[in-house]
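The transmembrane segment annotation in TrEMBL covers B:20-38, B:76-98, B:119-145, B:157-179, B:191-209, B:239-261.
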Amino acid sequence: MIQVKGLSKRFTKEKGLFDLNFEVKRGEVFGYIGPNGAGKSTTIRHLMGFMKPDSGYSSIDGMDCWKNAARIQEKTGYLPGEIVFLEGMTGLGFLSLVQKMRKQESIKRRDELIERFQLDINSPIRKMSKGMKQKVGIIAAFMHAPQVLILDEPTSGLDPLMQRVFIDLILEEKQNNKTILMSSHSFQEIERTCDSAGIIKDGKLVALEDMHLLRRVQRRIFEVKVKSEDDMNHILQSSLVTEVKGDRTIHVTVQGNDQEFVQLLSRCEVQHIDTRPQDLEDIFMHYYDRREVER
Amino acid sequence: MSLPLYLTMMKSHGKMLGGFIYGAAAYIVLIIWIYPSIADMKGFNEMIAALPKGMRKLIGMENGINSLSDYIAGEFYGMLFLIILMVYVILTSTRVMARLVDQGSMAYLLATPNSRVKVAITQAAVLLTGLALIVGFTTLSGIAASEWLIDGYQLDVASFITLNLLTFLVFASIAGYCFFISSVNNDEKKALGISSGITLLFYMLNMAGKLSEKTEWMLNFSIFKWYDPVKVINNETEALWIGCALGILTFFLFMLSVVVFKKRNLPL
């Protein structure tokens, strides 16, 4: 459904997109992950027809994204990464403008979404918080029941409850056989919704995997506090990567070998266990490093 | 053109546009209203005649004030109205394109099944409608005020309308290059800067060109060469040809803007 082939766009020597290739099949949810400035939004701009590639092409449903930009929008919903609306409008005013520009008459879906995200539609947009604006953007992207959804960091600004609502919405659309491409910083978000993911860095796609594999390479660090020195030594002697962090406290790195970790802990007296949330950059770094080594 | 977008845009520009219309219309009514007292003032024309020629040209009173038409053309069309329209055209042309791209709200407009060409044409229509409304209301106010507010002085309505049409076309051309600048720039401030820079340069060349015969050549490099209200209202220009030329220029500039906007990369 969404196809990117040899897409290149050079801004400077290092900045831009370099020979990007991936495909999202109908009914698939594709997560697009990468650190800031890696080229996620630039890719999406190409898909939306805002930018013309230097070489290569991208297409949606067989139509070239640059040449047929307007026609593609008929079946596409888009949530920009930067949410800025026209000035001097209310939420409802904006949504109805978008509907009219789409020549869409039914407001059933729109009202359903407003209800779901509990949006106060009559407040002026300039008085809205970032999360509220994000909701307006999400509704604008989903309300015409598009076949394809392109979402640039959809959950930024949403509180955890609304993130949940949003993820449910994505899963529901997935059931309806919609094709979704979403970019994100958050691995968890992608993990919960996506079938496959692409990791982009410095304008190059460094990994294109299904979710299982990514989960396997995802590295987590557990902070474990044990009761005695014996237990501590026990852990240190295991094959897991460990790091002493203080008095009977130890950091254990787990990557794909969860089973081993659990078995090891079962032989110790554990006082306290906690995961250290890793930022995405770390996960990437590690992923890239591993790749380099394998090569 | 997209009608819903056009209406929304007109509505959001309504307040500012209303201000401009009110300002221009109120001022023309005011100066027409005080005309009788100036016309009756003895020695006014002598006073004007005592000024250097360049200066007289500058304030639009080369031959003093001989009629209501001269007075309106010189005092209002030659000075204040020119500035009002310049400000309106520069501000609005920047707002309808560059600002939307700079802020990013253009992304939403283009995320609907409306092509860039359609969106750009709609925005151009908003700009030109606003200009037409200002000139239109001013024309009506001028005619109405000279009919009902003062007695014994005649306004040549036909030439007055010609003057207004030509004024519209001159500023439509200015709107044309400002719109072009606005369409190719991603930065609102930059677009505003370039547009006002060029327009002010034209204005200064126009002033300098009128000062003396030595500097007259400068006029040739200014779009205001085609805007000489006193001459127009006295039917001393080839209004029809100038009008046609300006019309074609305007059309060409807007066409070019739309084409360039269609083809360029947008950082949305």
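Using N, Cα and C of the backbone, Cβ positions are placed for all residues, glycine too.
TrEMBL labels come from automatic prediction, so no person has curated them.
Contacts between the transmembrane segment (B:191-209) and the transmembrane segment (B:119-145): absent, as fewer than 3 C-beta pairs lie under 8 angstroms at sequence separation of six or more. Using a Cβ-Cβ cut-off under 8 Å and counting only residues 6 or more beyond its ends in the same chain, the transmembrane segment (B:239-261) has close neighbours at 97, 116-117, 120-121, 124, 162, 165-166, 169-170, 172-173, 175-177, 179-180, 182-184, 226, 232. Sequence-distant residue pairs (6 or more apart) of the transmembrane segment (B:20-38) and the transmembrane segment (B:119-145) include at least 3 whose Cβ atoms are under 8 Å, placing the two stretches in contact. Outside the transmembrane segment (B:157-179) by six or more residues, the chain places 69, 72-73, 77, 81, 85-86, 89-90, 92-94, 96-97, 123-124, 127-128, 131-132, 135-136, 138-139, 142-143, 195, 198-199, 202, 223-224, 226-227, 229, 232-235, 239, 242-243, 246-247, 249-250, 252-254, 257 with a CB less than 8 A from a CB of the stretch. Outside the transmembrane segment (B:76-98), and at least 6 residues removed from its termini, the chain residues within Cβ reach (under 8 Å) are 9, 13, 16-17, 20, 23-24, 27-28, 31, 59-60, 120, 123-124, 126-127, 130-131, 134-135, 138, 163, 167, 171, 174-175, 178-179, 181-183, 185-188, 190-192, 195-196, 199, 203, 224, 227, 229-230, 233, 261.
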